[in-house]
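Here is the structure we will look at.
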Number of protein chains: 2
Amino acid sequence: MDRPMRLGIAGLGTVGASLARLIASNKDAYALRAGRPIELVAVTARDRSKDRGVDLSGVQWFDDPVALASHAEIDLFVELVGGAEGAAFDSVKAALNRGLPVVTANKALLAHHGVQLAKLAQRKGTTIFFEAAAAGGIPIIKTMREGLRGNKVSRVYGILNGTCNYMLTRMEREGIAFDDCLKDAQRLGYAEADPTFDIGGFDAAHKLALLTSLAFGCEIDLDSIFIEGIAAVTTEDIEAAADLGYRIKLLAVAQRTESGIEQRVHPTMIPAYSALAQVDGVTNAVAVDTDLLGSILLVGPGAGGSATASAVLSDVLDAARGVSMPAFGLEPASLAPYKRARMRAHEGGYYIRLSVLDRVGAFASIARRMAENEISLESIVQRKRDGAGERDAAPVILITHETTEAAVRKALDAVSKDGHLKSEPRMVRIEALD
Amino acid sequence: MDRPMRLGIAGLGTVGASLARLIASNKDAYALRAGRPIELVAVTARDRSKDRGVDLSGVQWFDDPVALASHAEIDLFVELVGGAEGAAFDSVKAALNRGLPVVTANKALLAHHGVQLAKLAQRKGTTIFFEAAAAGGIPIIKTMREGLRGNKVSRVYGILNGTCNYMLTRMEREGIAFDDCLKDAQRLGYAEADPTFDIGGFDAAHKLALLTSLAFGCEIDLDSIFIEGIAAVTTEDIEAAADLGYRIKLLAVAQRTESGIEQRVHPTMIPAYSALAQVDGVTNAVAVDTDLLGSILLVGPGAGGSATASAVLSDVLDAARGVSMPAFGLEPASLAPYKRARMRAHEGGYYIRLSVLDRVGAFASIARRMAENEISLESIVQRKRDGAGERDAAPVILITHETTEAAVRKALDAVSKDGHLKSEPRMVRIEALD
């Protein structure tokens with residue numbers, strides 16, 4: 001068996017502590033799987049005295065991640081500090097500059113600086129691994145970088161945020177309104193005190209940015225992602241979707257189109273009978289459409305200390321086996337520039353919910369606006385009036401055939417201006433899964 | 001960029017020809033992904049003159065796979081001949097003996113000789129890759145060997161045979177009887193003229209044997225697998241399952257139990273709302289339960305030339321990147337002997353369908369036999385009488401709580417001997433998915 005691989009871990013939070021415990025308690029098993037012993041020799045953490053359920057007395061403590069990455073006698077640097085800048089960025093650069101392979105779970109770091117770090121790794125003849133940075137315990141990075149390498153990807157999409165999926169699942173099952181559901185999720189620890197990063201769709205967007213690069217061999221472009229969170233989703237929409245044979249999920253989608261690559265995160269209606277629609281609670285899922293395979297779907301835990309540790313361990317053991325791979329599948333110089341497809345050019349079906357005032361000609365006027373924008377309708381449902389406040393208005397649901405985002409926005413603007421609506425129109429994009 | 005990787009392909013059937021075409025038409029893309037050009041330099045095939053949609057004029061032809069594997073100037077040998085013995089076995093051994101890495105799609109070869117070949121590969125300092133040997137285009141081998149390497153697996157299970165799943169899906173959707181469905185599947189090319197290997201469960205068992213070794217770090221033991229095919233599944237069972245909230249799938253399951261590792265392939269009832277139950281037609285799916293992850297599920301195409309080629313390509317490009325990995329995750333000497341758990345010790349719920357003669361006391365007698373074997377019942381449904389031939393008997397469905405295979409077999413033997421049944425009792429195992 002080869003000489004041990006000496007590990008330095010920066011950050012002993014939930015994931016780091018879990019990793020340290022696993023390495024200590026599975027010494028023999030991991031040595032067999034790695035082909036050599038894995039030894040934790042150096043760490044950093046804010047609090048040295050905290051009980052992390054593992055004996056760290058023989059391990060060297062460093063004051064900060066950069067010092068560890070720069071000076072520790074290690075063969076692999078594991079960055080679990082978090083954040084796109086500061087200690088995380090600086091320590092990863094320091095480790096790569098020494099030619100050390102790096103394992104990180106840091107989606108923000110990679111979404112902002114991934115290509116730059118991949119270039120640095122290549123110049124230094126080493127590798128940066130990041131299985132844990134997207135979809136937690138689902139091995140989607142390895143699958144896309146290695147397993148689907150013979151394929152040409154046309155679309156990658158999935159449920160990448162557990163908080164949103166948990167909330168949408170409960171809103172659907174229990175008919176709870178968004179605000180109440182959020183309070184409950186916060187109480188139970190499924191949502192942060194400031195939930196914006198999750199429910200606003202930003203977390204999913206960071207993960208999508210990485211998958212886009214792997215899928216299409218292009219540079220990362222987080223800023224080009226169209227993002228719409230779940231805060232405006234109502235139980236009325238969820239119920240209406242169910243009546244029509246759909247469920248609403250926050251999907252993150254990257255798709256090759258004629259004008260470029262679309263990247264978008266938004267509440268999405270998908271067929272209720274699809275496997276993806278059965279993905280409930282905090283579970284994540286990623287689907288990839290390719291030329292050779294048609295579609296594959298991976299479902300699993302998206303977060304949590306042990307699921308994330310599982311992903312980090314897969315990278316650690318790859319590094320121990322000497323696996324060396326460009327971070328995004330291609331040498332960074334070969335990544336194509338990201339060519340953005342505008343959201344207004346997006347093509348798809350749309351769900352539209354209108355609260356239509358009880359007036360002669362209102363519906364004819366709405367139908368005309370749709371026709372003017374060349375939107376043809378697959379179904380029209382007048383729903384029962386759902387509240388006391390809606391006595392003078394009737395909810396009308398339209399499902400469009402494939403049309404464009406621009407046409408829908410224009411039509412809805414015109415309908416709003418015509419003055420037949422009691423409240424702002426609601427719109428949810430429909431994703432075709434086959 | 002490194003020097004080219006020279007490829008020899010033995011066997012230019014559907015998969016081999018598809019692979020040759022892909023390598024020719026994606027030259028630049030694959031060179032970027034592999035970090036070096038991939039060149040097809042040698043082939044074998046029975047018919048040299050057949051048009052395979054690719055120019056093979058610059059390629060060296062060999063008379064047989066062993067000659068190619070022994071003498072061609074190649075860096076990688078791809079075995080697509082098929083069969084557990086003969087040319088496939090001999091050529092793979094010849095290539096490994098030269099120290100060449102081998103890529104194969106041959107489940108029979110590996111299920112019978114996998115450990116022996118892994119040992120030979122290790123002795124010669126090379127690797128045998130077999131992503132295409134189980135679940136076709138789903139990257140389950142890589143996922144288990146590398147992606148889940150930090151985990152302890154408790155169960156791996158899935159839908160591994162497309163023919164069976166296609167037939168069960170059609171029987172369910174269209175209410176067609178097994179024999180008619182089989183004829184139709186044969187006519188449409190979804191089932192072979194001799195369908196035994198598929199519908200008898202043997203194909204799924206071969207694939208399961210490989211997954212068991214990867215999951216539990218043990219030697220392969222194809223002969224210990226309990227196998228029951230789908231030929232006895234009736235539309236009555238499928239309908240009764242649906243009424244009770246289940247669907248019937250041919251599952252292959254390997255599971256760690258107290259007495260050893262269970263390996264079994266049989267028709268199985270799973271909850272209708274589960275993601276696995278949505279896997280229809282020729283699609284395959286594999287789920288893995290582990291300590292760190294809970295569960296992950298992979299769904300995708302299980303067969304077909306291009307899906308299989310996708311898996312072969314993933315191995316080819318890994319080999320080109322210099323990835324070197326023990327075939328079954330551990331050095332073959334470290335694989336534990338397979339410790340078989342007997343099927344009679346299997347624990348789970350059971351669906352039992354009895355055609356009970358219209359006699360006083362019949363039901364009481366059945367209930368007593370269940371109680372004698374300590375089988376408690378979760379539900380009892382007396383179904384409507386389903387045919388003219390059944391006028392003197394009533395179909396009774398029992399769903400048991402968790403019990404053992406031995407208890408159920410004993411109880412059903414006793415019930416049969418009591419003479420209250422019009423026909424043989426039917427039994428379908430229920431798999432708990434959470």
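The backbone N, Cα and C atoms fix where each Cβ goes, glycine too.
Marked as active site, proton donor by TrEMBL: A:Lys207. Among the features that TrEMBL reports, NADP(+) binding site is placed at A:Ala10, A:Gly11, A:Leu12, A:Gly13, A:Thr14, A:Val15, A:Gly16, A:Ala17. Positions annotated as NADPH binding site by TrEMBL: A:Lys107. Annotation source TrEMBL lists L-homoserine binding site at A:Glu192. Per TrEMBL, domain 'ACT' is recorded for A:351-434.
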Quick one: DSSP breakdown of the domain 'ACT' (A:351-434) into helix, strand and coil? 28 helix, 29 strand, 27 coil
Whose Cβ lies within 8 Å of the mean position of the Cβ atoms of A:Ala10, A:Gly11, A:Leu12, A:Gly13, A:Thr14, A:Val15, A:Gly16, A:Ala17, the NADP(+) site, other than those residues? A:Ile9, A:Ser18, A:Leu19, A:Ala20, A:Ala45, A:Leu80
How many other Cβ atoms sit within 10 Å of the Cβ of A:Gly13 (NADP(+) binding site)? 14
Where does the mean pLDDT land for the domain 'ACT' (A:351-434)? 90
I need the nearest neighbour of A:Leu12 (NADP(+) binding site) among the recorded positions A:Lys107, A:Glu192, A:Lys207, using C-alpha distances. A:Lys107
Can you grab the distance from A:Gly13 (NADP(+) binding site) over to A:Lys207 (active site, proton donor)? Cα atoms, rounded to a whole Å. 21
Comparing the binding-site residues A:Ala10, A:Leu12, A:Val15, A:Ala17, which residue's C-beta has the most other C-beta atoms within 10 angstroms in this structure? A:Ala10
For A:Leu12 (NADP(+) binding site), name the DSSP secondary structure in the helix/strand/coil scheme. coil
Cβ-Cβ under 8 Å from A:Gly11 (NADP(+) binding site), same chain, 6 or more residues apart: which ones? A:Thr44, A:Ala45, A:Pro65, A:Glu79, A:Leu80, A:Val81, A:Gly82
I'd like the Cβ neighbour count for A:Gly16 (NADP(+) binding site), meaning other Cβ atoms within 10 Å of its Cβ, all protein chains included. 25
With DSSP assignments reduced to helix, strand and coil, which class does the residue listed as 'active site, proton donor' get? helix
